[in-house]
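Engineer: Sequence annotations record features per position, and here TrEMBL assigns region 'Disordered' to 354-413. Feature annotation from TrEMBL assigns compositional bias 'Polar residues' to 364-379. Annotation comment: TrEMBL describes 386-395 as compositional bias 'Basic and acidic residues'. According to TrEMBL, the feature compositional bias 'Acidic residues' maps to 396-413. Among the features that TrEMBL reports, domain 'Recombination activating protein 2 PHD' is placed at 417-495. Here TrEMBL flags Cys422, Cys426, Cys449, His456, His459, Cys462, Cys482, His485 as Zn(2+) binding site.
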Amino acid sequence: MTLQALTPVNCAGLLQPGCSLLQLDGEILLFGQKGWPKRSCPTGVFGVRIKHSEMKLRAISFSNDSCYLPPLRCPAVCRLDPYDGLPESYLIHGGRTPNNEISSSLYLLTMDSRGCNRKLTLKCKEKELVGEVPGARYGHAMSIVQSRGKTACVMFGGRSYMPAGERTTERWNSVVDCPPQVFLFDLEFGCSSAHTLPELSDGQSFHVAIAREDSVYFIGGHSITSDSRPPRLFRLRVELLQGSPLLSCETLDFGLSISSALVTRTGPGHKYIVLGGYQSDSQKRMECNTVILDEKGIHIEHLEPPKWTQDIIHSRTWFGGSAGDGCLLLAVPSEGRPSQPDVHYFYHVRFQQEKESNEEEGTQACSQESTDYDNSTPLEDSEELYFGREPHELENSSDDEADTYNEEDEEDESQTGYWIKCCLGCQVDPNTWEPLYSTELHRPAMIFCSKGEEGHWVHAQCMELSETLLVKLSQGSKKYFCLGHGGLPYQEMTPPRQIIPVKRTPMKVKERNGPLMFKMSPAKKSFFKRLFD
């Protein structure tokens, strides 16, 4: 077991509490980063690369037929291993947006293609659910169960805002535990059903959910009602019968008092490592456990934790995720430094596996080993690399320079961005937005209102601008005022830009040599004059 400090290269501000780490096609992906995506990565999904104590991010693109995927915090993320000819994929449900809106959508994320330069392209589709559909929530968990040759998805827990009838001005953003119902999804037809079990009487969130075959184990979790983290452990068994499914729950005695823990799988078997989390609101859980699932049930054993650094010990919060089999990415804030409020310390935690041999320092035992871009270039200079690629794709094909996230290129879009509420009657929803103008491709058209010192961005659709006027305003140099600030489409010419004249320094005139002058006496002058006459 090793704990290695990492140096983020221009990406420290993107990883925030609530983000998720996914593994597709042997590559580690970051999802749910800080803020709304803009120029460097319009999809909001980054590939994570760890090598030689450095962590870099590269932008991941989506296929043209993909839907928009907002950067969700604390969603329920569930991995689907390949089955019945279907590729490996991820289910993403719910989560919280940077605008503090809670989602109720369900997304399916799969790999679309691999380019000749090993560039990964993803495909995202929103799945429609029918029946008893779960409401918007975050902090819940999803797991895959298999029974009688069928596959289904189990969702439980989470928290959401108070019901609309109970929300007041003072408690408008207050959250409550979702009802302790178990939702079962049929992945083929999108049917959802809700089930109430007597053993699950209290709501819980940020718990650990681990599944094997037809059983799901819920470990720990936090309850807002009691403000506690009791050492709970439930075993939920799902039988997918021909008619309706049969669910049964069993309460076990040897649970863990933990919430928001990090879980990583070690190898192809059902052996997991649970690290981190919290025992209370002000106390982190510094212990580590091994969880093994077999035919007899679940076995939880104590595991010696890594040797924590002082930054980790004294930090109040920490977060991260699985970075491959037997590997974790851990982050703690750099507290006590007002000049760097968004900077974190990052660590790579590796757990020694039985078949793993001693490796040199700097190499990776997790899945980055097989996708290391620098070590996979046998065809880098061959002609086969360029078949089927456009000329613009060849200009910046270096993985160290192209598609690498640069934090300096980004702007803060928490207040100005494509997915903001520009006015009280804003009609643009990032989950259901469709192009309105022919000039729009993947984002709604926006125009800048010059009212005030800094101004603000508004959606052209909300301001009811015609496409002709929109194009005219975007090409001209006139100020625009939205309906809330004057209501005039445009007025006042933008002040002309002052052109500072260039100071031209005259060139130094080269001194010219005059005629040769000789000093002669009057006698010599008369002699030469008589001589030439």
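Using N, Cα and C of the backbone, Cβ positions are placed for all residues, glycine too.
Keep in mind that this is a model prediction, so the values were computed, not measured.
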Engineer: Near His459 (Zn(2+) binding site), which residues of its own chain have a C-beta under 8 A away, given they sit six or more steps off in sequence?
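Structural biologist: In sequence order, Cys422, Cys426, Gln427, Val428, Pro444, Ala445, Met446 meet the Cβ cut-off.
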Engineer: So if I measure Cβ to Cβ from Cys462 (Zn(2+) binding site) and keep only same-chain residues at least 6 apart in sequence, which ones fall under 8 Å?
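Structural biologist: Set apart from Cys462 (Zn(2+) binding site) by at least 6 residues yet with Cβ under 8 Å, we have Cys422, Cys423, Gly425, Cys426, Gln427, Val428.
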Engineer: What average pLDDT does the predicted model assign to the domain 'Recombination activating protein 2 PHD' (417-495)?
Structural biologist: 74
Engineer: Which are the residues of the chain, Cys422, Cys426, Cys449, His456, His459, Cys462, Cys482, His485 excluded, whose CB is within 8 A of where the CB atoms of the Zn(2+) site average out, their centroid?
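Structural biologist: These residues sit around the Zn(2+) site: Cys423, Trp457, Val458, Met463, Leu483, Gly484.
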Engineer: Among all chains shown, work out which of the binding-site residues Cys422, Cys449 has the most CB atoms within 10 A of its CB.
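Structural biologist: The most densely surrounded of these binding-site residues is Cys422.
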Engineer: Report the member of Cys426, Cys482 (the binding-site residues) whose C-beta atom has the most other C-beta atoms within 10 angstroms.
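Structural biologist: When each Cβ's neighbours within 10 Å are tallied, Cys482 leads.
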Engineer: Enter the number of other CB atoms within 10 angstroms of the CB of His456 (Zn(2+) binding site).
Structural biologist: 17
